[in-house]
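Visitor: Let me give you the structure first, and then I'll get to my questions.
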Amino acid sequence: MCTDAPALVEAIRSLAVRGAPLLGIAGAYGVALAAARGFDVEDAAEALAAARPTAVNLTVGVRRARAAYRAELERSGDREQAERAALAAARALHREDAEASTRMAAHGLALLDELLPGGGHRILTHCNTGSLVSGGRGTAFAVALAAHRKGRLRRLWVDETRPLLQGARLTAYEAARSGMAYTLLTDNAAGSLFAAGEVDAVLVGADRIAADGSVANKVGTYPLAVLARYHHVPFVVVAPVTTVDPDTPDGASIEVEQRAGHEVTEIMAPQAPVAGAETGGGIVVAPLGTQAYNPAFDVTPPGLVTAIVTEEGVVSPVTADALTVLCDRSRQVTI
Ligand SMILES: CSC[C@H]1O[C@H](OP(=O)(O)O)[C@H](O)[C@@H]1O
């Protein structure tokens, strides 16, 4: 339970709180929390927004609550009323995300039925995109859940998602709890599933979608897009409009978060690493001193994306014109 803004910043950095839409909601509540606890709201907003650089929703949520706080403070000069305005903005964002999740699930299921008319979808997903990252039932996982509830999901292939295992730890949990047929696999086993013709479509989330349609998502997403293209399998990104960032022109402009090497050189235990410790607290699987490359995300070019599903509908193909419409919509719903 985060009782103050610095604790929430650390929870976001350590991925105790994670997942693009939820980061936006948490960021907004963090601004309201800072105001209520007497922290400097501007400083807290900056720290929260900087906690993880790739997920644009974090910035969106922080800006939404900060704008509400500033506007009310200017209007009434009353800090308590300004705190309430920031909290109201956070609650509104929470509700909007829950509604967006429901609408994305409906649009995504309709797209799957159009792309895969035979039903019995075998869906591969990466990382975790369910209710643990959302005010509702999530993004990509919400589509798989909708298919399951309509009896049209034959199997959910769950990438374990190294190094932090969001798939093995979280998506498998959500799939089991929902009663859907699912199978966990190592990330490097996905290729053989495609080769065996066992994947009908790929469904993933996003952390930032650039104005040209490039998609930043958990590392390991780009190889799935290449495999999907090679094997003529639809590759579908599911994300709220607020994840589209008009101010990031292309994939090369997306800052990809680089994380600590110990997340790779150790099999991480669920608890957060002890700050300042020589290791991350996990089981060391590489010689001490091993350097590790640990980007948290990778970027998929628009040409490999079959469709982007938002709460506003489906964009396919992913063209500059189509993204212009999404960017305009994003500007309307963000500050
Ligand atoms: C659709 S939000 C989930 C999104 O966020 C994950 O990243 P992280 O676990 O580092 O927060 C991953 O990229 C998912 O696709």
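Counting begins at 1 with the first residue displayed.
The backbone N, Cα and C atoms fix where each Cβ goes, and this holds for glycine too.
What TrEMBL says about a protein is an automatic prediction, not a curated fact.
What TrEMBL records for this protein is below:
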type     : residues                                           : note
ACT_SITE : Asp207                                             : active site, proton donor
BINDING  : Arg18, Gly19, Ala20, Arg52, Gln166, Asn217, Lys218 : substrate binding site
SITE     : Cys127                                             : site 'Transition state stabilizer'
Visitor: Rounded to a whole angstrom, what is the largest C-alpha distance between any two of the residues Arg18, Gly19, Ala20, Arg52, Gln166, Asn217, Lys218 that the record assigns to substrate?
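Guide: Looking at Arg18, Gly19, Ala20, Arg52, Gln166, Asn217, Lys218 as a set, their Cα atoms extend up to 17 Å apart.
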Visitor: Around Cys127 (site 'Transition state stabilizer'), which residues of its chain at least 6 apart sit with Cβ under 8 Å of its Cβ?
Guide: Asp159, Thr161, Gln166, Gly167, Thr171, Val204, Gly205, Asn217, Lys218, Gly220, Thr221
Visitor: Using the CB centroid of Arg18, Gly19, Ala20, Arg52, Gln166, Asn217, Lys218 as the substrate site centre, which other residues of the same chain sit with their CB within 8 A?
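Guide: Going along the sequence, the neighbours appear as Leu15, Leu23, Ala55, Cys127, Asn128, Val133, Gly205, Asp207, Ala296, Phe297.
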Visitor: How many Å separate the Cα atoms of Gly19 (substrate binding site) and Asp207 (active site, proton donor)?
Guide: 8
Visitor: Measure from each Cβ of the recorded positions Arg18, Gly19, Arg52, Cys127, Gln166 to the atoms of ligand 1 and list the residues where some distance is under 6 Å.
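Guide: What lies within reach of ligand 1, judged by Cβ under 6 Å, is Arg18, Gly19, Cys127, Gln166.
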Visitor: Including all protein chains displayed, how many Cβ atoms other than that of Lys218 (substrate binding site) lie within 10 Å of its Cβ?
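Guide: So the number of other Cβ atoms within 10 Å of Lys218 (substrate binding site) is 27.
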Visitor: Among the binding-site residues Gln166, Asn217, which residue has the largest number of other Cβ atoms within 10 Å of its own Cβ?
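Guide: Result for the most crowded candidate: Asn217.
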Visitor: Rounded to the nearest angstrom, how far is the Cα of the residue listed as 'active site, proton donor' from the Cα of Ala20 (substrate binding site)?
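Guide: Pair distance, Cα basis, whole Å: 5 Å.
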Visitor: Between the residue listed as 'active site, proton donor' and Arg18 (substrate binding site), find the distance joining the two CA atoms and give it rounded to the nearest Å.
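Guide: Answer for this pair: 11 Å between alpha carbons.
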Visitor: Let's check the environment of the residue listed as 'active site, proton donor': how many other CB atoms sit within 10 Å of its CB?
Guide: 30
Visitor: For Arg18 (substrate binding site), what is the secondary structure by DSSP, using just helix, strand and coil?
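Guide: Assignment for Arg18 (substrate binding site) reads coil.
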Visitor: Counting only residues 6+ apart in the same chain, whose Cβ is under 8 Å from the Cβ of Arg52 (substrate binding site)?
Guide: Ile12, Arg13, Leu23, Leu58, Glu257, Ala296
Visitor: Around Arg18 (substrate binding site), how many other CB atoms lie within 10 A of its CB?
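Guide: Result for Arg18 (substrate binding site): 22 other Cβ atoms within 10 Å.
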Visitor: Suppose we draw a 10 Å sphere around the Cβ of Ala20 (substrate binding site). How many other Cβ atoms does it contain, all chains included?
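Guide: Looking across every protein chain shown, the total is 28.
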